[in-house]
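Enquirer: Take this structure first; my questions come after.
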Amino acid sequence: MAVGDAPLEKVALETYVPPAKPSLIGLSRAEISERLAAIGVAPAQRRMRVQQLWHWMYVRGAKTVGEMTNVSKDMRAELEKHVTVDRPEVVAEQISNDGTRKWLLRLPSGNTLEKPHEVECVYIPETDRGTLCVSSQVGCTLNCSFCHTGTQRLVRNLTAGEIVGQIMVARDRLNDWADRETPHGNRLVTNIVMMGMGEPLYNFDAVRDALLIVADNEGIGISKRRITLSTSGVVPNIVRTGEEIGVMLAISLHAVRDELRNELVPLNRKYPIAELMQACRDYPAASNAKRITFEYVMLKGVNDSLDDAKLLVKLLKGIHAKINLIPFNPWPGTRYECSDWEQIEKFSEYVFNAGYSSPVRTPRGRDILAACGQLKSETEKLSARERQALRAMAMTD
């Protein structure tokens with residue numbers, strides 16, 4: 001199929017079917033109150049009960065209703081008949097040589113006729129922070145040609161509970177809840193990036209609801225300035241992101257000419273660069289203190305020339321921006337190569353001298369296929385030959 005004929009977006013194969021006993025994870029306070037009303041909790045008690053449940057779920061990380069010891073025994077028994085506080089199940093964990101962790105998570109579902117679906121979630125520890133890369137879809141709506149996830153079919157959108165559940169799983173695995181000890185007394189998951197599997201702005205409502213729960217000061221409590229949502233450029237929902245969520249914004253740009261971006265990010269044929277840049281200028285939360293990050297994967301001989309760097313600087317005029325240069329992370333079957341390090345440095349230096357911060361992202365988790373652009377759920381397993389190719393790539397980098 002020619003590049004110009006490739007579909008801009010994939011259609012989801014399925015819709016979400018909840019388990020017989022749904023989880024309270026991902027519900028708003030109002031929705032939890034409705035669940036309590038449905039099982040007969042008196043109106044005068046609901047507000048207090050909601051706060052108790054919220055605290056146990058998002059501050060103390062309770063895995064069962066039975067752990068909630070300040071909720072009456074009778075109330076716990078009634079709740080356990082109807083709801084859970086389940087999160088996704090960890091079915092595999094890989095730990096990279098650099099400390100990066102990747103979890104393969106199986107999603108609970110009420111659809112017993114289908115194979116359970118899985119997504120990947122990645123934890124990246126650094127000296128001053130711990131970043132969790134979270135998925136928003138099973139597969140991805142888009143067909144970005146340099147991205148491994150883009151080769152996977154779109155199965156369905158994740159629910160708010162499945163998105164929040166990834167953060168809760170990470171805190172479970174790292175023992176990172178408020179009443180538990182962590183090294184040096186610091187929280188281990190300090191930053192969230194919506195840069196995992198999927199296009200977040202094609203699952204706007206669930207992503208919004210999940211991130212508002214994550215940022216809630218009476219629960220998980222991660223500041224909106226430490227949450228970054230990355231989009232390939234779903235222009236109509238960019239301003240909504242600033243107005244309704246208010247988190248940091250990242251744009252997967254990767255090219256400065258429409259002709260090339262049409263190939264790398266086919267969504268560009270629907271929302272071309274000029275429209276995308278205007279949406280960024282209109283982004284409500286942008287300021288010099290809250291700059292928009294432009295992600296730019298460095299592809300050898302494709303988008304890494306100094307002419308590209310010059311055009312990038314022109315495009316960013318009038319936008320509070322920083323540029324994150326990403327060395328291409330190889331995956332089996334890709335036709336792209338990473339730019340030479342010398343060329344990456346030249347590109348970065350030009351952009352920096354033009355007045356924009358332009359750090360080069362350190363690749364993390366390449367050896368476990370956890371780096372940027374490498375995620376692909378185990379529902380589409382790599383063959384033995386592909387795994388051998390991956391190991392060879394990691395050894396040569």
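Even glycines carry a Cβ here, placed using N, Cα and C.
Copying in the features that Swiss-Prot gives for the protein in this structure:
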ACT_SITE  Glu120  active site, proton acceptor
DOMAIN    126-369  domain 'Radical SAM core'
DISULFID  Cys133-Cys372  disulfide bond
BINDING   Cys140, Cys144, Cys147  [4Fe-4S] cluster binding site
BINDING   Gly198, Glu199, Ser230, Ser252, Leu253, His254, Asn329  S-adenosyl-L-methionine binding site
ACT_SITE  Cys372  active site, S-methylcysteine intermediate
Enquirer: Looking at the recorded positions Glu120, Cys133, Cys140, Cys147, which has the shortest Cα distance to Ser252 (S-adenosyl-L-methionine binding site)?
Expert: Cys147
Enquirer: Can you count the other CB atoms that lie within 10 A of the CB of His254 (S-adenosyl-L-methionine binding site)?
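Expert: Around His254 (S-adenosyl-L-methionine binding site), other Cβ atoms within 10 Å: 24.
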Enquirer: Restricting to the domain 'Radical SAM core' (126-369), what is the model's mean pLDDT?
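Expert: A mean pLDDT of 92 is what the model gives the domain 'Radical SAM core' (126-369).
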Enquirer: Tell me the coarse DSSP state (helix, strand, coil) of Ser230 (S-adenosyl-L-methionine binding site).
Expert: strand
Enquirer: Between Cys144 ([4Fe-4S] cluster binding site) and Glu120 (active site, proton acceptor), find the distance joining the two CA atoms and give it rounded to the nearest Å.
Expert: 18
Enquirer: Round to the nearest Å and give the CA-to-CA distance linking His254 (S-adenosyl-L-methionine binding site) with Cys147 ([4Fe-4S] cluster binding site).
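Expert: Counting only the Cα atoms, the answer is 11 Å.
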Enquirer: Based on Cα distances to Cys133 (disulfide bond), point out the closest of the binding-site residues Glu199, Ser230, Asn329.
Expert: Ser230
Enquirer: For Cys147 ([4Fe-4S] cluster binding site), which DSSP three-state class applies?
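Expert: Cys147 ([4Fe-4S] cluster binding site) sits in coil per DSSP, no helix or strand.
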Enquirer: Of the recorded positions listed here (Glu120, Cys140, Cys147), which is spatially closest to Gly198 (S-adenosyl-L-methionine binding site) when Cα positions are compared?
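Expert: Its closest listed neighbour, by Cα, is Cys140.
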Enquirer: Calculate the distance in Å between the alpha carbons (Cα) of Cys147 ([4Fe-4S] cluster binding site) and Glu199 (S-adenosyl-L-methionine binding site), and round it to a whole number.
Expert: 12
Enquirer: Considering the recorded positions Glu120, Glu199, which residue's Cβ sits among the greatest number of other Cβ atoms within 10 Å?
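Expert: Answer by Cβ density within 10 Å: Glu199.
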Enquirer: I'm trying to understand the geometry here, so how far is the Cα atom of Ser230 (S-adenosyl-L-methionine binding site) from the Cα atom of Cys140 ([4Fe-4S] cluster binding site), in Å to the nearest whole number?
Expert: 13
Enquirer: Would you mind ranking the binding-site residues Ser230, Ser252, Asn329 by how many other Cβ atoms sit within 10 Å of each Cβ and giving me the lowest?
Expert: Ser230
